[in-house]
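Asker: OK, TrEMBL features for this one:
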TRANSMEM  B:7-27  transmembrane segment
TRANSMEM  B:33-54  transmembrane segment
TRANSMEM  B:66-86  transmembrane segment
TRANSMEM  B:92-114  transmembrane segment
Amino acid sequence: MTNFFIGITAIAGTFILYRLSKRIYRRKPSPFTMPIFLCTASMVIFLSLTGISYETYMIGGQWIDLFLGPIVVSLAVPLYREIHLIKKYAGAIGIGIFAGSLTGVFTGIAGAKLLGFDDWLIQTVAAKSVTAPIAISITDTAGGNISLIAVFVMLAGVSGAMFGPVILKICRIEHPIAKGLSIGTASHAIGTAKVLEDSEMEGAISALSMTLSAVVVSFLVPIFLLLFITS
Amino acid sequence: MKYFIMILQIGILFLFNFIGQLIQGFFSLSIPGSLIGMLLLFSLLFFKIIPLTWMQAGVDFLLKDIPFFFIPVTIGIIQYLTFFYGKGSLTILLVIVSTFIVIGVSGIVTNFILKKEVKSYD
């Protein structure tokens with residue numbers, strides 16, 4: 001019975017905190033007021049200060065986790081809605097997303113290997129460019145650490161949303177399709193939200209790229225891990 | 001009634017996730033079951049076996065608040081805070097640099113192909 005109340009409190013607390021951070025983000029949009037960042041950071045501080053363990057929090061949190069899989073499934077709907085864009089620019093979109101996904105998985109794994117990290121971290125960092133629910137599934141299947149990948153995903157999103165526009169300028173990437181695609185492939189939903197502020201079409205391409213790149217990455221990760229981890 | 005339909009639609013998402021996991025387990029694939037479920041739902045939408053209107057409301061309801069659902073996993077970082085004090089802090093740099101390279105490479109490649117396509121139409 002106590003577990004039941006702890007669970008309800010954890011879920012309600014998370015939900016209220018999320019609503020609050022959403023409101024703050026609407027008033028002061030910045031990468032640091034993004035609900036996922038603000039909410040996580042304040043909850044981590046709260047749990048650390050009160051000494052409540054993660055296990056206790058997860059009595060409720062595990063119920064929220066149940067939705068991660070179905071959310072990945074639901075991404076089929078926005079993907080289907082953008083089918084006209086896929087058909088129109090199939091070649092460029094396909095090659096661009098493949099190149100980006102390959103680069104993300106390769107630089108992540110090779111970098112971790114060069115820095116001398118253990119296998120579990122290499123298995124974790126591989127999926128970092130992909131939208132959180134899918135990255136978590138890929139990492140879980142690959143044998144990495146799912147809490148750490150959630151943080152890496154957030155980092156990839158925030159850094160791309162903040163500095164992506166500058167990189168696009170330096171590399172002289174001007175075509176709106178190319179701009180949306182590269183941010184979506186590298187920085188998933190967080191980057192997409194940023195791109196959407198400037199242009200509806202770039203946003204649609206970005207959303208599409210984040211979903212397609214997730215599919216590509218989920219095929220690439222097991223292959224690359226097989227090549228790089230020799231155990 | 002509206003909420004009843006939405007709950008039903010979200011239930012269908014759970015069902016596809018479950019089927020995906022069964023497929024993954026049965027063939028012991030290294031692709032997540034949820035993604036298999038997504039590809040399955042996408043194909044059914046694509047071949048018009050399932051009309052979009054069957055899924056729309058529930059999906060939009062979930063997608064609007066997608067970040068909420070990965071808050072608990074992200075909070076899990078609390079167990080690994082010490083990881084970032086030491087050598088682990090290098091991973092932050094690694095992720096950021098890799099992200100920048102991905103933006104550059106995918107953007108340059110796509111931009112190049114699109115420009116070429118335009119020229120070939122002239």
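Each residue's number is its place along the chain shown, starting with 1.
Glycine too: its Cβ is placed from the backbone N, Cα and C atoms.
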Asker: Which residues of the chain, 6 or more past the ends of the transmembrane segment (B:7-27), have a CB below 8 A from one of its CBs?
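Answerer: Contacts of the transmembrane segment (B:7-27) (Cβ under 8 Å, skipping residues fewer than 6 from its ends): 33-38, 40-41, 54-59, 61-62.
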Asker: Near the transmembrane segment (B:33-54), which residues from the same chain, at least 6 beyond its ends, have a CB less than 8 A from one of its CBs?
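Answerer: Here the qualifying positions are 9, 12-13, 16-25.
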Asker: By a Cβ-Cβ criterion of under 8 Å, what residues six or more beyond either terminus of the transmembrane segment (B:66-86) are in contact with it?
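Answerer: For the transmembrane segment (B:66-86), the list is 92.
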